[in-house]
Amino acid sequence: MTTVPISNIRNFSIVAHIDHGKSTLADRLIQTTGGLQAREMKEQVLDSMDIERERGITIKAQTVRLNYHAQDGRDYIFNLMDTPGHVDFAYEVSRSLAACEGSLLVVDASQGVEAQTLANVYHALDAGHEIVPVLNKVDLPAAEPEQVRQQIEDVIGIDASEAVMISAKTGLGIDLVLEAIVHRLPPPQGDREAPLKALLVDSWYDVYLGVVVLVRVVDGVMKKGQRIRMMGTNAAYDLERVGFFTPKMTQVDELGPGEIGFITAGIKEVADTRVGDTITDDKKPVTEMLPGFKPAVPVVFCGLFPVDADDFETLRAAMGKLRLNDASFSFEMETSAALGFGFRCGFLGLLHLEIIQERLSREFDLNLIATAPSVIYKMHLTDGTELEIHNPIDMPDVVKIAEIQEPWIEATILTPDEYLGSVLKLCQDRRGTQKELTYVGSRAMVKYNLPLNEVVFDFYDRLKSVSKGYASFDYHLTDYQPADLVKMQILVNAEPVDALSMLVHRTRAEGRGRAMVEKMKELIPPHMFVIPIQAAIGGKIIARETVRALRKDVTAKCYGGDITRKRKLLEKQKEGKKKMRQFGKVDIPQEAFIAALKVDS
């Protein structure tokens, strides 16, 4: 393969809100430049996971290399990175952007700028990208390209007068996009003669090849057989394969500066390849590392337990496998009296949690129960020490706590005008404080400060339902603030059920507790004795429901005769019930757990 001069390489990514057509545009670019034959084309070529295709979202960032013969007669190489649009996977976005010099900003001409569009554009601007706006779906009857163009200028503040008008589905205007990439995006900078310096963009596990590493070469050349060193982990490997994706894996002899491709080097664990690390030559290393990116910090925690206790080892193996491909997912073992053995897992957000849960049940055929999601709280103790806890069970004695702090976020919500009232009410109910409210055409953009604790439960679902699905939402963590939080426990027959204990705000405890005990009452079947179900804060019971006992008619065999005979039998039954209540064990069905955890706050 002839080497293309570095000035003819373009590295770019596609950023957009969920569902604005990034992956479809990527399909068209691949098709137009001949990356795949027509029979190999399927919709969303780059969304390789089943879940991605089903939900129509992109989870893992994907990359592909295209050859393009431009109108000026030159041959260009495009490296396209398709990135996720959802807020939980912003981490995947930031690392794709670090490997590129430019971005195509795709905006749906019928929907306009959404919250995620903003977040991702700011990521791209932070990475120093040149941005080309692209208006997609202009063939829809509801499309308003002129208004959306104005909106891009007003909200994001970039010049959209030369925005490219396309319809990715029908292929309209794709050639204009390709020319815009050539003329409006900058080529990468790099020195072929300098020592090797490459950025580790991503890594995943392949059953045959071991760990496959996605790299962006900055300076120097990567060749087969070369010995490389990872500067962060200080491990050295011999390169076995070097190549790129067209989206199929294609091997080459070397990757030069500005190119994006993959390498394999007999690496066993994905954990050995830190995303954002710098790769260099073992013999001629560079002295300073490339600026990496911040490692992803889990924000939401929850316990995952197998419904069938025998599945525990399968679950452990499955989690290990997912961890191979998803560096932002973390877990540790935990045991619960009610649910047995399981894992405490950390996620980037609720969608991430849902996806992992779904992948576990799908790819590994596991039945799981998830406990209530919680966030990291900081406890300042009276003896001056500070604790971080994400499991309510670990909470120290109340007497020892001087102050509890909880994480807050800044949420940006874009919503059509007519739903603004209900959106504001929802945020108000969740202890939010409004920061600003601006109008962009007929849409309102609200910024709210909210406690993360209130958001992880079901905020996103509620937001979608009060706005009929039109509002979009994006958030980032700001800081920790003191909060009046209490630990609420659910007692069944005077025994605390550890899987249901949670930290709630004092003002919300009673409502939450009442809802949970009512739900439990419906779902716990009657036993031979009375079962009280209580919600308690410390020693104070805040809500109670009772499951009535089943009773056998012991006086059925008495015909007439003396009343004392009946009384004797009834007293005897009463004694037995009392004893039973003391020693009897209550079986809580799995549905009761699941329902209690789903109780709407």
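Just so it is clear, glycine is given a Cβ too, placed from its N, Cα and C backbone atoms.
For 7-189, the entry in Swiss-Prot reads domain 'tr-type G'. Residues annotated as GTP binding site in Swiss-Prot, with sequence analysis given as evidence: Asp19, His20, Gly21, Lys22, Ser23, Thr24, Asn136, Lys137, Val138, Asp139.
Least packed by the Cβ count within 10 Å, out of the binding-site residues Ser23, Asn136, is Ser23. The Cβ neighbour count for Val138 (GTP binding site), using a 10 Å radius over every protein chain in view, is 20.
Listed in sequence order, Val106, Asp108, Asn136, Lys137, Ala168, Lys169 are the same-chain residues six or more apart from Gly21 (GTP binding site) with CB atoms under 8 A from its CB.
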